[in-house]
């Protein structure tokens with residue numbers, strides 16, 4: 001199918017496609033276009049958003065005190081049901097925006113799915129479902145389920161039949177399969193969310209799935225889309241799903257530098273990478289480390305080498321069964337292992353709060369992937385360190401692209417690094 005046909009498929013519904021039910025709703029606030037710079041701690045607290053007491057209790061339990069700029073800009077409009085298109089750097093708490101906004105508005109009705117959240121990877125879907133569970137801790141009537149490929153669809157169908165969730169998180173392929181098998185009914189969806197939306201809308205096959213799912217939801221609903229990278233080309237595609245959205249672009253896309261993150265490179269031969277990595281792990285102070293490699297084979301081999309050198313390492317890659325991947329992800333998140341070796345599969349949207357060092361053992365294939373990898377360190381405005389190994393001319397070219405695009409200077413790794421520049425000091 002031609003790109004033009006796909007664009008045309010995104011046009012709005014015909015008015016007679018679905019009976020319109022008049023809804024009592026708060027009039028939408030005027031459209032707001034927000035641009036700004038990131039401030040790690042905003043002066044107002046979450047209480048200013050007038051959230052449900054159950055949500056405020058959960059927020060306190062999670063240790064959040066002040067909303068980030070993205071949360072400050074988006075949440076007041078999002079809880080009124082306004083459509084939101086948001087681009088902001090990794091680690092700024094975008095997930096909490098739609099989780100809190102949808103839980104604030106939800107009125108759980110047995111047997112009805114009210115919230116549908118989709119993202120492009122299984123791991124991210126799993127993580128988002130965990131965020132819903134964290135924030136709905138004091139809302140026992142709200143049921144959350146996550147559905148994605150790689151696990152038995154029969155189990156998913158049983159869950160939908162016997163214990164229908166109010167919040168569904170999943171990947172487009174599995175969601176569409178459940179809809180086609182008539183297990184998942186989307187006729188009562190009031191909130192439609194895409195996280196890392198550019199990844200889903202840039203890939204034509206995934207975009208078609210998203211469009212088909214979108215058409216099966218009611219015309220009147222809230223639509224929210226979020227991403228760390230939102231090119232000027234993809235923004236009009238996003239807008240076709242929305243009605244007069246509030247658009248929040250925190251920082252210009254060419255300046256996606258991460259506050260508090262120190263970025264360095266090391267020039268070396270491919271054969272020298274292991275020795276250099278071991279040396280750095282010996283001398284650097286770290287809470288947790290993520291090491292990115294380019295293939296499953298390298299991932300397995302490097303993790304094995306690290307274990308043999310007595311480093312507490314664990315690997316996650318696409319060659320594993322889904323249950324094993326999620327189990328290992330949870331082990332790392334629970335601090336049972338301090339070093340994770342991963343392929344790009346893990347690079348985007350994963351939120352591990354204790355990670356303060358990221359190694360690009362193999363250079364990422366482009367500047368976007370670089371951003372999503374290094375953003376694993378220094379999330380929520382904390383300090384972190386990113387070290388990239390450069391072993392050939394192509395690596396050097398990509399590093400130059402990163403520096404040009406994001407207007408950052410990635411310097412050569414010095415002999416010694418002041419620990420206070422990349423790790424939070426206890427007071």
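Using the three backbone atoms N, Cα and C, a Cβ is placed for every residue, glycine included.
The following features are taken from Swiss-Prot:
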COMPBIAS  1-19  compositional bias 'Acidic residues'
MOD_RES   2  N-acetylalanine
MOD_RES   171  phosphothreonine
MOTIF     44-72  motif 'Q motif'
MOTIF     195-198  motif 'DECD box'
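The residue listed as 'phosphothreonine': 23 other CB atoms within 10 A of its CB, across all protein chains. Residues 94-95, 98, 117-120, 124, 128, 225-231, 234, 238, 348-349 of the same chain lie 6 or more positions beyond the ends of the motif 'DECD box' (195-198) yet place their CB under 8 Å from a CB of it.
Per DSSP, the secondary structure of the motif 'Q motif' (44-72) breaks down as 18 helix, 0 strand, 11 coil. Secondary structure at residue 171 (phosphothreonine), as computed by DSSP, is coil.
Across the motif 'DECD box' (195-198), DSSP classifies residues as 2 helix, 1 strand, 1 coil. When pLDDT values are averaged over the motif 'Q motif' (44-72), the model yields 85.
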